[in-house]
Ligand SMILES: *Cc1c(COP(=O)(O)O)cnc(C)c1O
């Protein structure tokens, strides 16, 4: 059995070493005689797994002590509603940057709860650029500023962290979290669905500054109130225990790789190799402005879209799978999260060169 190079945008590849470890621990975790799936979330075995996972994430991301880390369910998509419910306080508006499909969904949901001011909008150019800091029309009265540092579908990634002059900055980092070191203290809240760069689907991580807790509007469902989970160490109800355990194995793996500094070096090299082949001829193209190109999700097109099907078929025959672009963008998309080995990118690059010459 050979593992293929899976370029899925999510759920995405996990490090093989992590899956092997989970396999080895499947029937009997650490002499407990149970799999981690079968443990009481309040038992001492599982509590040790949960606590270690949180500590490892704190170490890896250098999360300051005045931030809570929550292990939730409901996906990043549930946060689109939870954010205004928890963070509006006595304000009536929030600022949103509209830079792609995920921003749009966050905006649509927030509009149910407050006045949404769109403070930057790249829809005119088909979401292919990053707005500059000078282009942001931020409102000092906004409850918070929300943006999507990496738009998974468009493959557009901010090359800077917006300055919001004291207004809490909220970031949907689903597809870029753990791809490189970031300064957590610049954010009021960071959230991410796990299934891209953290672990299996079913777990959602929220990293939130203490002072933003406790101001939820009165009609906030208990399960959507971040304070509920902060006060109960994410064990108010049964958490996604297996996904949490798996995320912990991924955090350990990141440490073994040398942490996020080392991960970032590899990620940059992987992305550079792929963009280099895309830019090296007119056969391939990238719709995204050079300063906004994502390290994690690389959309690309063939000049002759009639060749798309042949490209995908031949790639799959070479063990390179799930390269079809999102239906809204077309073409191809190679998602190259942390778990995609550099050899996977090398294999894709070699295949792309070969496919191009086979068409000459
Ligand atoms: C995948 C993704 C989501 C949706 O995540 P779910 O966990 O499926 O709700 C939201 N935002 C971004 C940026 C994503 O990449």
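Even glycines carry a Cβ here, placed using N, Cα and C.
The pyridoxal 5'-phosphate site recorded in TrEMBL comprises 76, 77, 152, 172, 195, 237, 238 together with one of 102, 244, 253, namely 102. Across the structure, residue 196 (N6-(pyridoxal phosphate)lysine) and residue 77 (pyridoxal 5'-phosphate binding site) place their CA atoms 14 angstrom apart. Here the C-alpha separation of residue 195 (pyridoxal 5'-phosphate binding site) and residue 42 (L-glutamate binding site) works out to 24 Å. A simple Cβ count within 10 Å picks out one of the binding-site residues 77, 152, 195, 237 as the most packed, and that one is 152. Distance from the CA of residue 42 (L-glutamate binding site) to the CA of residue 172 (pyridoxal 5'-phosphate binding site) is 30 Å.
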